[in-house]
Amino acid sequence: QMDSRGIKRLLFSYVLINGIFITLQTKEEVLLDMRASGSELGWLTWPYEQGSKQGWEVVQRSLNGSQLYTYSVCNVGEHEQDNWLRTTFIQRRPSASRVFVELQFIVRDCNSFDGSSLTCKETFNLFSSESDADIGTSFRKGQFKKVATIAPDEITSRNELRINRETRVVESLSRKGFYLAFQDIGACMALLSVRVYYKTCPATIKSLAAFPETVAGGGVNQALREVAGACVENAVSEESPRIYCTMDGEWVVPVGQCQCKPGYEAVNDTCRDCQPGFFKAFVSNDACELCPVNTKLLSSGALFCPCAEDFYRAPDDPTTGPCSGLPSAPRELVATTTQLAAGKLQLSWSPPEDTGGRSDISYSVECRRCEGTACQPCGEKVRLEPASSGLVDTRVAVSELEPHLNYTFTVEAHSGVSLFASQGTPHPPKVTSMRLDERSLTSLSLSWAVAPRRPVPQPTRYKLTYRKKDDNLDVTTYTVLILEKSSVQISDLSPGTAYLFRVQALSPEGSPGGSSIEDEFETLTEGKEDGHISEDTYFSSSEQLKPLKTYVDPHTYEDPNMAILKFASEIHPSHVTKQKVIGAGEFGEVYRGILKAPGRKEGAVAIKTLKPGYSEKQRQDFLSEASIMGQFSHQNIIRLEGVVTKFKHAMIVTEYMENGALDKYLKDRDGEMPSFQLVGMMHGIAAGMKYLSDMSYVHRDLAARNILVNNNLECKVSDFGLSRVLEDDPEGTYTTSGGKIPIRWTAPEAIAYRKFTSASDVWSFGIVMWEVMAFGERPYWDMSNCEVMKAINEAFRLPAPMDCPSAVYQLMLQCWLQDRSKRPRFPDIVSLLDKLLRSPESLKAIADFDPRVSIRLPSTSGSDGLPFRSVSEWLESIKMSQYSENFTCAGVVTMDQVLQMKNVDIKNIGVRLPGHLKRIAYSILGLKDQTSTLSVFAV
Ligand code: AMP
């Protein structure tokens, strides 16, 4: 007689022996493998407290030095079993909406338990539950959906152990990840292996088109996934190639054939150059052909084979055909003079010995009259019948000869290539198109094409003429260049200027070809780089040609004082009055004060001071902020009023922003401002950032703490400076790549390799949007910088703040795209926010909000992991201590009472602000949820 333990042990030794039979399939991407996890399974069992009952438990045995861990349960004698085993959070791959769950398990035959078989079961249930985040040890049965009841094909009797393998599909997955759970309802069984995987169609090349590895099957409930491919190198297709990936990971129905370009042939999924001596003239899947007779053998990759020397193709001959030589002379010319007295004779001849391989032979007869040594054409005076040229027959009748004259007849054989061959020097080719390859401020690179001709002529020379377009025509200066190839780079041009170009081909002797081509091209304008040439330029296409002012780095001035002089106006210290300290900057106090300078309206200003004892370098760093700020002039950028540099105490005077820094401003108004107003603030910040990016200025430290707010709730970007990144920012953290970086605001590429661009500013702008919608909440709460970087790396993003319009959250997510080229640009952001503000309806749809991830609620536990000991401790943890009195006065003094409260109760005790009401209500919800630890992200 064995107890349940004994039975289990027996089962598992069997497993160990059989456990080595694991098949690995290549087209499966494994998301979870119980066996691979070894002892680190960490699956959740429920109920937490087993009492006398035994739920699922890990049983381990070793064999040949290796360990096998299994989950087993065997409560066959007990009534009403409901034992749950939940996996760890299984992250889904973005397009894998369908996963396979492969189980190996053993179920013990109920009949083998004497007496207890009445309650014994031989099945168990598989469940799944989707989630956007790892919810840790929080577990609720209600969140799970049943996938299947699983019954063994073979049950294990006392002597014979049998492993069952079953595979089930979990479909329509759409969230970031999911859990599986196994519900035991009273069986004696063991789970030996759980493998979760999805299938992929492997990367492949079909019909010369390459298709990437693709998750099998379409999106939710679709059997096929359409995949776009790209022709392999040197292949093209009319229709873009497509194929379908089935649910079983098989490619089917390729559409849109790719074919090798001229000069290439298909060999094993690639297009290979035609071998020397072969050619291919057209796009096709044919093999390269052997060069025809009388042609030159080119090296590899020939589109056609040009004629060998002294061989030609007639204008109508195909370029793919052979070349022919000129026919040799007609033979055996005979004059028959039977009617000579009547002025007539008959000429006949035999065809040439060598026709040059052609059948289009014709003849011409030339007649000349000679007196002494002087000869001249017979002209009209002598008749040749049927004609004097184009004769197909080898004879001609001559009449109207005059007596006593010497006539000389010449007969020539012609063929289709004669005309061409006798032409002497060929006509220069015609230039058909000119194009701009590259340009800079002072140079243009052009190239042009000539009409194809047969045979292709030897290299020609070209004459290029150009002049400024807008030159007064009377005094126009032309520049003429004779070039040996069909491209040129012209330097020393004026920036932002249009030039007219004309190009004409020349014959070998230098005479111009009949026609020429003219075109106009413009050099770049100062301050602009060509978007498609420089990788980093950051302009939207509509603005690409608009000339713009560009920010000048004060470091480019040898003497930084010159930069100050150029960009900032000097103020006399007697015109500035300091009133009150309002903040502390890196270099010294910041004051509110009054500027009262002659010719200026008196007004409030902020005065940044440089504390005594500074070095010259510090002074320059301090003033560099003014050199930068002074270059900007925009409603949403802090305005520089001027600087004091000529006196001992240097100062920077800017416009005064009554409401101070944005982060603090919002924290003080948590939940009190409508979305519309918040979006209005973001719009202002975006407009300022668009202006900066237009000027090619990269801020690098965009954050709510660096935005200032004035009395009209206008937001302005501030905090410029060179050393500032980020010496004076408390968020600045030294990174491995050197330099200080405010990790939670900074794009991954800027953290990783200091790639600061307007696109990384866009990332930071997304974080600012989040700060604004979350009323100054700290991004990523109390996660450490390392945890933040890890989470971002694993594609997690901040969740939507409470009450955040869906459109706004979508924009944030766009700003946080890993691929910086896919992020929106500031002009796009401004116009989108503008659109949202114009139709307030668009802000009505609220993004999904998960209270457990959006507010870092400590829920059931206080800081030491125990439940809150008091109401005030709980209120403090959610930063709502100001309501302590309200709770006490209403008689709510224990956490049990708190848990009973409904929303209306919270209102009734005096919590009126909607933001606070929500925060408290959500916290209670979280407490009831028994969420013991909360991880916002799966870090
Ligand atoms: P900063 O060194 O620029 O970060 O300034 C330090 C603090 O001074 C800021 O956080 C603000 O609270 C305050 N401050 C700076 N400039 C102004 C301004 N123009 N108007 C009002 N307060 C300012």
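Every residue, even glycine, has its Cβ placed from backbone N, Cα and C.
Curation does not apply to TrEMBL; its annotations are automatic.
Site annotation (TrEMBL, ligand ATP) includes Ile582, Gly583, Ala584, Gly585, Glu586, Phe587, Gly588, Glu589, Val590; from Lys566, Lys608, Lys617, Lys646, the additional listed residue is Lys608. When you check TrEMBL, the disulphide partner of Cys188 from the set Cys74, Cys288, Cys291 turns out to be Cys74. For Ile582 (ATP binding site), the nearest of the recorded positions Cys74, Cys110, Cys120, Cys188, Asp701 in terms of C-alpha separation is Asp701. Annotated pair Cys120 (disulfide bond) and Cys188 (disulfide bond), C-alpha to C-alpha distance, rounded: 8 Å.
Listed in sequence order, the recorded positions from Cys188, Ala584, Gly588, Val590, Asp701 having a Cα within 10 Å of the Cα of Cys110 (disulfide bond) are Cys188. The shortest Cα-Cα distance from Cys74 (disulfide bond) to any of the recorded positions (Glu586, Gly588, Val590, Asp701) is found for Asp701. Between the CA atoms of Val590 (ATP binding site) and Cys188 (disulfide bond) there is a gap of 74 Å, rounded to the nearest whole number. With a cut-off of under 6 Å between the Cβ and any atom of ligand 1, the recorded positions Cys110, Ile582, Val590 reduce to Ile582, Val590. Cα to Cα, Asp701 (active site, proton acceptor) and Cys188 (disulfide bond) are separated by 61 Å.
Put simply, Cys188 (disulfide bond) is 74 Å from Gly588 (ATP binding site) when counted between their Cα atoms. It is Cys120 that, of the recorded positions Cys110, Cys120, Ile582, Ala584, Val590, has its Cβ surrounded by the most other Cβ atoms within 10 Å. For the disulfide-bonded residues listed here (Cys74, Cys188), the lowest count of other CB atoms within 10 A around the CB belongs to Cys74.
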